[in-house]
Amino acid sequence: MSGGIKQWPEDERPREKLLKRGAKALSDAELLALIIGTGDSSSGRSALDIGREMLQDFGGLRNLAHATASEICRIKGAGPAKAACIKAALELANRYGARRFESLERFTSPSQVFEHFHHEFRDHRKEYFLTLLLDGKNRILKRVQISEGSLNQSIVHPREVFNQAVRESAAAIILVHNHPTGDPTPSREDIDITRRLREAGDLLGIKVLDHIIIGDGSFLSFVDRGMM
């Protein structure tokens, strides 16, 4: 559909469609168009055209979220103001996911952890390993990042993992890390690290409840798989 969005039939305009049918009725490109706001008068391209080009050039929302403002500005019609609006909207989405997790009183299932962390990790190209510290009633005390980059036993050392747990008087911990490849299948290194940390936790009286690997749209729980 050509021409400015204002010239389109009302039912096809992203803003009117959202108000009438709800945000879920809109495509990713239409939601981006609302954030972008205006098109490019010099080329006659609408905000929706620009949104579609962004998704195509970056290969989807995941890569767009990882792009810098300057990279977004390379799209014709997307200047610094539009790039800033897009980065702000994506950051708000990330913060919303984080707040939902922080409001949880206690850990009840691996899927809870996945629901939070897949939003946070999906844009990362590196592996991140962190721990969730829990009290005796499985209430979340704190999250602690242990390492960034490829996992190995020299980086994910029991001393680093349990240092904060001891300081916070944690009764248990949950291990969490991501696989940037998107496949949550554990490597031999993942399995060995989990065994080593579980043994160290037993000696310290701090139970390792689970190790959850976050993939792209899926996760693996060591406990659910009977691996610990």
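From the backbone N, Cα and C atoms, a Cβ is placed for every residue, glycine too.
Among the features that Swiss-Prot reports, domain 'MPN' is placed at 106-228, with the record citing sequence analysis. The domain 'MPN' (106-228): residue composition by secondary structure is 39 helix, 36 strand, 48 coil, according to DSSP.
If you look up Swiss-Prot, you'll see 177-190 marked as motif 'JAMM motif'. A Cβ distance under 8 Å defines the sequence-distant neighbours of the motif 'JAMM motif' (177-190), meaning residues of its chain 6+ beyond its ends; these are 117, 121, 124-130, 151-153, 211, 213-220, 222, 227.
Look at Swiss-Prot and you will find His177, His179, Asp190 tagged as Zn(2+) binding site, backed by sequence analysis.
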Worksheet item: Across the motif 'JAMM motif' (177-190), what is the average pLDDT of the model, as a whole number?
Response: 92
Practice prompt. Would you mind listing, in sequence order, the residues at least six apart from His179 (Zn(2+) binding site) in the same chain with a Cβ closer than 8 Å to its Cβ?
Written response: Glu127, Thr185, Ile213, Ile214, Gly215
